[in-house]
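Heads up, the thing below is written out as structure tokens.
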Amino acid sequence: MNSLYDISCFAAGVAGNIFALALFFSPVPTFKRVVKAKSTERFDGLPYLLSLLNCCICLWYGLPWVSDGGRTLVATVNGTGALFQLAYISLFVFYADSRTTRLRILGLLMLEVLVFALTAHASIAFFDQPARQLFVGCVSMASLISMFASPLAVMGLVIRTECVEFMPFYLSLSTFLMSASFAMYGLLLRDFFIYLPNVIGVILGAMQLVLYAYYSRKWKAGGESSAPLLA
């Protein structure tokens, strides 16, 4: 790093990695409950599978043979995220209440592996630079936007029930701060595929915080959350 620009890029990327860690740790209370009960109860494993696929695709985008010069801090955060999601999925499979649920999760996991392998192979086999970065960037951007949009259903639930139990404050705050950091990182790098989905993440994170501030005053704590703590 030999300039203010380099330092700013690095600082924004590191901040995004730190705030992302808070997101990756957010399902820990859910899985403490699962381990204690030795049951997945009514929890859904699909969010963790989708998050794993998103992390793998974004990790691939951050590698130097895909993105021009590489996006090291994108690769590190998504590599870490993929390991977290694999751990959560493993626990979910181990404590699944039925063989059917276990087989469904394993089947979807194998499908994800196939989708990622095909995406990675196609990007290498059929595209040279800069078309390779464009192809993987479009796929990763679509994946990120779908992940950031996933809390919309929870936001609707908060509005209908006037209860913020299923939208934890620190999860919403981490989403907002991580998105803001990576939006800045993408803008500094002039990387459309990084800053656009994260700008959307900033907007949705801010909406969650506003909803939390408004409805938390009406909500009385009614016990432990019963939904997976994953945006």
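One-based numbering along the chain as shown.
Every residue gets a Cβ built from N, Cα and C, even glycine.
For 6-25 (among others), the entry in TrEMBL reads transmembrane segment.
According to TrEMBL, the feature transmembrane segment maps to 46-63 (among others).
The transmembrane segment annotation in TrEMBL covers 75-96 (among others).
Here the transmembrane segment (108-127) has long-range neighbours at 46, 49, 52-53, 56-57, 60, 65-66, 89, 134-136, 139, meaning same-chain residues at least 6 beyond its ends whose C-beta is under 8 angstroms from one of its own. Here TrEMBL flags 108-127 (among others) as transmembrane segment.
If one looks beyond the transmembrane segment (133-157) by at least 6 residues along the same chain, the residues whose Cβ comes under 8 Å of a Cβ in the stretch are 47, 50-51, 53-54, 57-58, 60-61, 66-68, 119, 122-123, 127, 163, 166-167, 172, 175, 179, 191-193, 196-198, 200-201, 204, 207-208, 211, 227, 231. As annotated by TrEMBL, transmembrane segment applies to 133-157 (among others).
Among residues of the same chain six or more beyond the transmembrane segment (169-188), those with a C-beta under 8 A of the stretch's C-beta atoms are 5, 8-9, 12-13, 15-16, 19-20, 22-23, 26, 73-74, 148, 151, 194-196, 198-202, 204-206, 208-209, 212, 216, 229-231. Per TrEMBL, transmembrane segment is recorded for 169-188 (among others).
Here the transmembrane segment (194-215) has Cβ contacts under 8 Å with residues 71, 74, 141, 144-145, 148-149, 151-152, 155, 158-159, 162-164, 167, 169, 172-173, 175-180, 182-187 of the same chain, all six or more residues outside its ends. The transmembrane segment annotation in TrEMBL covers 194-215 (among others).
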Inquiry  = If we skip the immediate neighbours and take only residues 6+ beyond the ends of the transmembrane segment (46-63), which ones have a Cβ under 8 Å from one of its Cβ atoms?
reply    = 27, 70-76, 78-79, 81-82, 85-86, 88-89, 92, 105, 108-109, 112, 115-116, 119-120, 123, 133, 136-137, 139-140, 143-144, 146-147, 150, 193, 228, 230
